[in-house]
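Trainee: Once you've had a glance at the structure underneath, I'll fire off some questions.
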C-alpha cells in the first residue's frame, strides 16, 4: 500500500470512529422520542440511504448475486436481529443516562471478539491475550461480588455486536450490500410498528415539527456515513492497523458522558473500567509486539 492510500485510510478511519463516538450527542437531541421509535426511523431511513448509495455507486449487481444465495440471505436475517437489538439497547442506554455503561460495552467488545474467535473460529490465544481476557472477566466479577451489580447494558452491547461481527464474518458479504439486506429484513417490522402500533406524541410525522422530522431522518445518515468511512478505511489499511482506531469511539463516549452529560462513574463502574483499561493496554501491547515480529 502506498503512502497516499495509507493517509486516506487513516483519515477515513478517524472519521468513522469519531462519528460513532459522538453519535450519543445526536440521540440526546431527540431524547424525548421513545427508543423503539428512534430505532424504527434508523432502520427505515438507513434502508433508503443504502438504496441511494448503491444506486450512485452502481453496485446492484452485487445485490443480485447475493439474492441468488438463500443461505446468506437467511443468515443476514440473524445478523439483522443482532444489530437491531444492539441499536435499540444503545439508544435506550444513551437516552436513559447510561452512556458510561455503553462506552464500557464498546471497550469490552474487542476482548469478546477474541473470545468468540477462539470458540467459533478455532483461533488460538497468545499468552498476553489470555491475560487480557482474564482481567476483563475479573473486572466484571469484582463488580458483581463486591458491589452486587452487573454491567448488563455493557455486556449486552459487547456480546450483541461481537456476535454480529462473527455472523458477518461467516457470511462474507460486502458491507453495503449486507446492510441493505439487513435493513430490508427489519423494514416491515419497523414500518408496521411505526405506522400502526406506536402512539406517542412524536410517532405521527405529519404532526411533528419539520426540525424533529429532519432529525429523525438523519438517523439514516448517522448509520450509513460512518459505515462507508469504515469500509473505505478497511480497503486502504491493514486490519491490524485499523484495529487500533476502535478505541476512539468508546473514549469519546466516556468523555461526553462525564464532561457534558453529568454522568458520574461510581466506585463499581470505576473498578470495572480500571480492569478493562489494563486489559486493553495489554491487548494493544501484544498486538504491537506481534506486528513488529512479523
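Glycine too: its Cβ is placed from the backbone N, Cα and C atoms.
According to Swiss-Prot, the protein has these features:
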| type | residues | note |
| --- | --- | --- |
| DOMAIN | 18-145 | domain 'EamA' |
| TOPO_DOM | 1-11 | topological domain 'Cytoplasmic' |
| TOPO_DOM | 61-72 | topological domain 'Cytoplasmic' |
| TOPO_DOM | 96-99 | topological domain 'Periplasmic' |
| TOPO_DOM | 123-128 | topological domain 'Cytoplasmic' |
| TOPO_DOM | 168-179 | topological domain 'Cytoplasmic' |
| TOPO_DOM | 198-211 | topological domain 'Periplasmic' |
| TOPO_DOM | 235-238 | topological domain 'Cytoplasmic' |
| TOPO_DOM | 262-270 | topological domain 'Periplasmic' |
| TOPO_DOM | 291-294 | topological domain 'Cytoplasmic' |
| TRANSMEM | 12-34 | transmembrane segment |
| TRANSMEM | 38-60 | transmembrane segment |
| TRANSMEM | 73-95 | transmembrane segment |
| TRANSMEM | 100-122 | transmembrane segment |
| TRANSMEM | 129-146 | transmembrane segment |
| TRANSMEM | 150-167 | transmembrane segment |
| TRANSMEM | 180-197 | transmembrane segment |
| TRANSMEM | 212-234 | transmembrane segment |
| TRANSMEM | 239-261 | transmembrane segment |
| TRANSMEM | 271-290 | transmembrane segment |
Trainee: Cβ pairs under 8 Å with the transmembrane segment (38-60): which stretch of 180-197, 212-234, 271-290 has the most?
Mentor: 212-234
Trainee: Averaged over the topological domain 'Cytoplasmic' (235-238), what pLDDT does the prediction give?
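Mentor: That stretch averages a pLDDT of 76.
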Trainee: May I ask you to check whether the transmembrane segment (100-122) and the transmembrane segment (271-290) make contact, with contact taken as at least three Cβ pairs under 8 Å and only pairs 6 or more apart in sequence counted?
Mentor: yes
Trainee: Can the transmembrane segment (73-95) be said to touch the transmembrane segment (212-234) if we require at least 3 CB pairs below 8 Å and skip pairs under 6 apart in sequence?
Mentor: no
Trainee: Within the topological domain 'Periplasmic' (96-99), count helix residues (DSSP H, G, I), strand residues (E, B) and coil residues, in that order.
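Mentor: DSSP classes over the topological domain 'Periplasmic' (96-99) add up to 1 helix, 0 strand, 3 coil.
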Trainee: For the transmembrane segment (180-197), could you work out the same-chain residues 6 or more beyond its ends whose Cβ comes under 8 Å from its Cβ atoms?
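Mentor: Same-chain contacts beyond the ends: 36-37, 39-41, 43-44, 46-47, 50-51, 54, 63, 66, 73, 76-77, 79-80, 83-84, 173, 203.
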